[in-house]
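Chemist: I'd like to ask some things about the structure below.
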Amino acid sequence: MSTESMIQDVELAEEALPRKTAGPQGSRRCWFLSLFSFLLVAGAATLFCLLHFGVIGPQREEFPKDPSLISPLAQAVRSSSRTPSDKPVAHVVANPQAEGQLQWLNRRANALVANGVELTDNQLVVPSEGLYLIYSQVLFKGQGCPSNHVLLTHTISRIAVSYQTKVNLLSAIKSPCQRETPEGAEAKPWYEPIYLGGVFQLEKGDRLSAEINLPDYLDFAESGQVYFGIIAL
């Protein structure tokens, strides 16, 4: 049997089928299409309502209710955002022009001394009694490791009005070199940041200083790497 004769037989068989069966099949197909369209529209409307009323979607960041679980810096940010900006605050930066010393500047675009705080003799003078967040960061940079052990220190000190003695509030020591660079080997660069921060009860007239032991290793390549500041809570 040829292919053409098989096709003709199939066409004749289709013509021989009762024409009345086409009616119920068409009605059933229309019913299914209507049901599918209804479910699609209902699902889209439900999803829109859930998104609109916040039942689903990105979760909001929540702060813990226990204040002890919040870092001092986070508490300072929350406190300052809810109160008028009349609290003492200072953020000073290092002078990249001062060779061999760490000198703080307040007359820069990214520096601030306000609401009674003063920068005197490279120290921040506290204008009123209260809790303060004190912070500072330095960045050291070097090339290779010498034979003598390199110890980098960063310290925040306080000279209180009640007793004229310098007392360390925060201090850290780091060593960037574990071993001496072998003779003839490539001297690779190293970087060592030190950050200090904490909350302290201060008195009016207290003086605060942030100091290091090896200023020749300070990195001033980018602004905002070496700074010192206080925020009244």
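Positions of Cβ are set from backbone N, Cα and C atoms, glycine also.
Values in this document were obtained by computation on a predicted structure and should not be read as measured data.
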Chemist: When you check Swiss-Prot, which of Cys49, Cys145 turns out to share a disulphide bond with Cys177?
Modeler: Cys145
Chemist: Long-range neighbours only, meaning 6 or more apart in sequence with Cβ under 8 Å: which ones does Cys177 (disulfide bond) have?
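Modeler: In sequence order, Gly142, Cys145, Pro146, His149, Val150, Trp190 meet the Cβ cut-off.
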Chemist: What are the DSSP helix/strand/coil residue counts across the domain 'THD' (88-233)?
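Modeler: For that range the per-state counts are 3 helix, 75 strand, 68 coil.
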